[in-house]
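Pasting in a structure now, in structure tokens, and then I'll have a few things to ask.
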Amino acid sequence: MNTVKTGMLLAAMTALFMGLGFLIGGPKGAMIAFFIAAAMNLFAYWNSDKMVLRMYKARQVDETTAPNYVGIVRQLAQNAGIPMPATYIIDNPQPNAFATGRDPEHAAVAATTGLIKMLTPEELAGVMAHELSHIKNRDTLIMTVTATIAGAISMLANFALFFGGNRNNAGGLIGTLALAILAPMAAALVQMAISRTREYSADAGGAEISGNPLWLASALQRIDEAARRAPNEAAEANPATAHMFIINPLNGRGRDNLFSTHPATGNRIDALRRIAETMGSRSRPWG
């Protein structure tokens, strides 16, 4: 996402936040919400990556503690022409991964123990290349900031449902209930629509970085099947971060529609196979 789109999204999130503030405290509540949102946006810009990593209890590793995993990421970063990101492992049986950070110079990737144990080196390279594509395209800022703001909107909406103090104005009780319910839904829809488009782009970019689209295609199929059998309790507790992962960690079986955080896995695999056909002899083995 470019800077303009990032700014537009943050403005929309701020407007939702202010609307909920208005429900709770009228014009003064909206003004307070504006300053809170501005501070939150600034805080998220600098710290949301650390928050997400802490949320999932990710531990940083290096080539001494996780040589194969870190070595793969290092080679892929060189292929992509970006700085080596910090590498983390999450102790979770569900195979999954995400990238975070405000720019390529301050980025991190995290993979679960389930992912590292299950995949072949080629499949792991396909997944991590996808995550590095997010970093290279500067998607990671919008991923982490929207997760932070959307979560805050959901919490404030719940507060507005019980403590909304402006119910005699601007539509009364019905207006209060409508905005308190619709605001988090709108925030979620923004996340979902952006996530689906971004995932296709990262799949294509990752195929170029790794050199073989079929590695990621194979990994996605295996991850999708395994993720349905392995719940991710941390993600269930923090659903606003679901769009950050390579596969929906909430075990959803939704199709490629308005309410899905990720494109249908089958559609992604088909797209990768088409890319493989066009790459032809350019596809190369790992290592």
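A Cβ is built for glycine as well, from the same backbone N, Cα and C atoms used for every other residue.
Residues or ranges marked as transmembrane segment by Swiss-Prot: 7-26, 30-47, 145-165, 170-190. Per Swiss-Prot, the feature Zn(2+) binding site maps to HIS130, HIS134, GLU199. Sequence annotations record features per position, and here Swiss-Prot assigns active site to GLU131 based on sequence analysis.
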Can you tell me whether DSSP puts GLU199 (Zn(2+) binding site) in helix, strand or coil?
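Helix, per DSSP.
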Just name the winner among GLU131, GLU199 (the recorded positions) by count of other CB atoms within 10 A of its CB.
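Sorting the candidates by Cβ neighbours within 10 Å, the top entry is GLU131.
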In the same chain, outside HIS130, HIS134, GLU199, whose C-beta lies within 8 angstroms of the Cβ mean position for the Zn(2+) site?
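Not counting the recorded site residues, we get ALA99, GLU131, SER133, ASP139, ARG198, SER201, ALA202, ASP203, GLY205, GLY206, ILE246.
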